[in-house]
Amino acid sequence: MVEIIALPETSMFDEDLDEFRIQNLQPNTDYFITLKLHHKNLFRSHARFHSDKNGEIDVGKAVAVHGHYTGRDKMGLFSSLYHEGTARFATKLSLMPMSEKLEYKILVQERHFYVPGKVIAEKSIWRVLRNSSLERIVVEEGIEGIVYKPPGPGPFPSIVDIYGMLGTHEHRATLLANKGFAVLALTVIGGKTTPKAWQQTDASYFLKAINWLASQRYASKTIGLIGISAGAAAALYIASKHSKISATVAINSGNYPTIHAVFKENGKLMPFFEASFKDIIRMDFNRGAMNYAKIDNGAEIDEEYQFKIEESRGKFMFVAGDVDGSANATMNAKRLKERMERFGRGIDGELVILPHSGHNIEPPFVPVQDIVYAKNLDIVLDFGGHAYLQNVDQRKLWPKIVDFFKENIELHELSKL
């Protein structure tokens, strides 16, 4: 009987399997291995392998010769998951509300010409998003969000996580909390009490979130920030304004506010850069989705628009997807790095360019969403990103982010009663 060995059968979502192989196959024969994740929508990947003389395929050592990825990669099937072709356009893996773990099905299939054929073995395994020991705290004290933290009094290195999209996005916070952090997944727009658009949000809301987290007994002496897109723009702004911020990861942020990533300051909309008509006509379309990458023509942005990141006391990691369809992310990240250098603080700004990644850069093994429906804007956007290679980028980035926060967030002693 064909046997699928995937160990551990329950593993952490962002970690590699220890072992992944198929045995008791016909020797020297082609087979397809398919991976399915059915969570609200169906995501699938497959690759063709050739069994060895002993009738075994060791997925980490065997070469995938055809399919959603090629080459040697034990986690290649997990990295190349993509929504099923029959799924709704712009489908993503929705992790709202949060699940503790996800079920994956591994299928071994005979080769039928160049496509998977008859299923000859099947096995389910689980990937854990949230360690069962984590504490989950709903926050409704002038701000809105969810805190995930390890059990106990702390202190734990503490982070505010800011997504640029509607609602409360908890998955990155839980994965960081699994690593020992206390993380506030902050709701900015589309919550119970928050506005529906970034332009209606005041900067004081972000500062209030920092103050709230810093006031908790389990919090660290300094605070980290991580943000993506508009959330990254907010993180850059906060870092320049709040003395407790010691580490900021900004993913695909501009070095200035734009119409889609601008908020109020003291009740008034911040100055923001608007593209001219000659810039806008450069916009491309991909499968009917808007691609904004060419709109930013590289012209110098007036100083009044730029984030004064050099005024921050902390360190930065500027992350850019090199094939971001929503912005010229690489150019923007380089500008941020150059600004730090210009003010004599180049050592405090790390530049990370992900060559195959688009706009929506996530933790490892979250399926890439290259086309997205932006509900708050009511438009379809081309986010870019290679369905497999972006996840390879994400797998390399994730431990860098974890180490960056561990190195740059300061703990403190618990106060004595």
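Backbone N, Cα and C atoms are what each Cβ position is placed from, and that goes for glycine too.
Just so you know, TrEMBL annotations are computer predictions that nobody has curated.
Copied over from TrEMBL, here are the features:
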- Ser229: active site, charge relay system (ACT_SITE)
- Asp324: active site, charge relay system (ACT_SITE)
- His359: active site, charge relay system (ACT_SITE)
- 203-408: domain 'BAAT/Acyl-CoA thioester hydrolase C-terminal' (DOMAIN)
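Here the features listed in TrEMBL are placed on the structure.
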{"residue": "Ser229", "record": "active site, charge relay system", "Cβ neighbours (10 Å)": "27"}
{"residue": "Asp324", "record": "active site, charge relay system", "Cβ neighbours (10 Å)": "29"}
{"residue": "His359", "record": "active site, charge relay system", "Cβ neighbours (10 Å)": "27"}
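Between Asp324 (active site, charge relay system) and Ser229 (active site, charge relay system), the C-alpha separation comes to 11 Å. Secondary structure at Asp324 (active site, charge relay system), taken from DSSP and collapsed to helix, strand or coil, is coil. In the three-state DSSP assignment, the secondary structure recorded for His359 (active site, charge relay system) is coil.
Summed and averaged per residue, pLDDT over the domain 'BAAT/Acyl-CoA thioester hydrolase C-terminal' (203-408) gives 85. Rounded to the nearest whole angstrom, the C-alpha distance between Ser229 (active site, charge relay system) and His359 (active site, charge relay system) is 8. According to its DSSP assignment, Ser229 (active site, charge relay system) is coil.
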